[in-house]
Each structure stands twice: as structure tokens, then as C-alpha cells.
Amino acid sequence: MPALQARILDSRLGSSWPLPNYATQGSAGMDLRAMLEQPLLLEPGQTELLPTGLAIHIADPGLAAMILPRSGLGHKHGIVLGNLVGLIDSDYQGQLMVSCWNRGQQAFTIEPGERIAQLVLVPVVQAELSIVDEFNDSERGAGGFGHTGSH
Ligand SMILES: O=c1ccn([C@H]2C[C@H](O)[C@@H](COP(=O)(O)OP(=O)(O)OP(=O)(O)O)O2)c(=O)[nH]1
Ligand SMILES: [Mg+2]
């Protein structure tokens, strides 16, 4: 498992609540917590940017991190991400922020320290554009958006 540099920006993280970690040996993501001073009522349709108390520096341009919703919160309570997916650049050193969007019909209260999203490290390939006039033929060509049918 590679080491990931992290800074704790809220001292409650690691004392009142555990640091983000993998819940099981096979977990893909580590949960991020809402470092709130008090419970936050999210009305239907409301979006708030929440601090996580944590900064990471991935440093390796061959890696990035994604912030993804937690399935239970998203499916049962409509609490997903205002940006749908958060992408954390390898050179970002600021606090990890989570945009929480209540896309549901009911208000939902986020408690201080609640696990609101998950962080997944992913490999990245950076490419240089090589401009051409025509592509070599491919089986698909420009067909898309249902081109292959629905059965
Ligand atoms: O859910 C998120 C998404 C992004 N970020 C941070 C890390 C990321 O590296 C930086 C920039 O994100 P992005 O490139 O997606 O946002 P932008 O709107 O393009 O801003 P910028 O102009 O700073 O790149 O914001 C978060 O903390 N949480
Ligand atoms: Mg950007």
C-alpha cells in the first residue's frame, strides 16, 4: 500500500473521530467526514460545501483521487455530490471539500463527524494531443449514443 501524505486541519479528526481509513481489507474508498461545528439541515435541493478537516498531497501525476457519494446516503436519503464526482489533482494541497447536495424530497440533517463521501485513489494517464487530419478506420467510427442498439 503506497503512503499518501496527509495533513490534519481539524484536531477533532483523529481524536473525536477516526482518520479516514479503509473499512475492510477490500474497500476501494476511505470515508470522509463532515467537520461541522453543529448539525447541518440540508433542505431538498440545497447544496453546501463541507470541510473534511483533511488535506492530502498525492504528488504523483500518475495518480488522482476521486470523491464519490456513499451509496447508502445517496440511495436512501438523496444525499449526493453537488459536482456529481469530485476530482482531486495530484498537486492539490488544500483541504478536501465535499459538495453535499440533497437531491431528495426530504430535509436531511448531517451531523458533525458524519461520513458523507468516500475518497478513491485512481491511476491517471496524461497524454499530449497529437493533431491529425483523419483517424485510421475503426469498427465504430463516429457512431455513439445508442448506435449499437438496445438489445
Ligand atoms: O469535490 C471536490 C472537487 C475538487 N476539489 C479540489 C481538489 C481539486 O484538485 C481542486 C480543483 O478541482 P477542479 O479542477 O475539479 O475544479 P475547477 O472548478 O476546475 O477549479 P480549478 O480552476 O481550481 O481547477 O479542487 C475538492 O476539494 N473537492
Ligand atoms: Mg480544474
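Every residue gets a Cβ built from N, Cα and C, even glycine.
Model, not experiment: these values are computed from the prediction.
Per TrEMBL, these features apply:
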DOMAIN    16-149  domain 'dUTPase-like'
BINDING   Arg70, Ser71, Gly72, Asn83, Leu87, Ile88, Asp89  substrate binding site
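Sequence features, as recorded in TrEMBL, placed on the structure.
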{"residue": "Arg70", "record": "substrate binding site", "contacts (Cβ under 8 Å, 6+ apart)": "Asp31, Arg115, Ile116, Ala117, Gln118"}
{"residue": "Ser71", "record": "substrate binding site", "contacts (Cβ under 8 Å, 6+ apart)": "none"}
{"residue": "Gly72", "record": "substrate binding site", "contacts (Cβ under 8 Å, 6+ apart)": "none"}
{"residue": "Asn83", "record": "substrate binding site", "contacts (Cβ under 8 Å, 6+ apart)": "Ser99"}
{"residue": "Leu87", "record": "substrate binding site", "contacts (Cβ under 8 Å, 6+ apart)": "Ala64, Ala65, Met66, Ile67"}
{"residue": "Ile88", "record": "substrate binding site", "contacts (Cβ under 8 Å, 6+ apart)": "Ile56, Ile58, Ala64, Ala65, Met66, Ile67, Leu96, Leu119"}
{"residue": "Asp89", "record": "substrate binding site", "contacts (Cβ under 8 Å, 6+ apart)": "Ile58, Ala64"}
DSSP residue counts for the domain 'dUTPase-like' (16-149), split into helix, strand and coil:
7 helix, 53 strand, 74 coil
Looking at the binding-site residues Arg70, Ser71, Gly72, which have a C-beta within less than 6 Å of some atom in ligand 1?
none
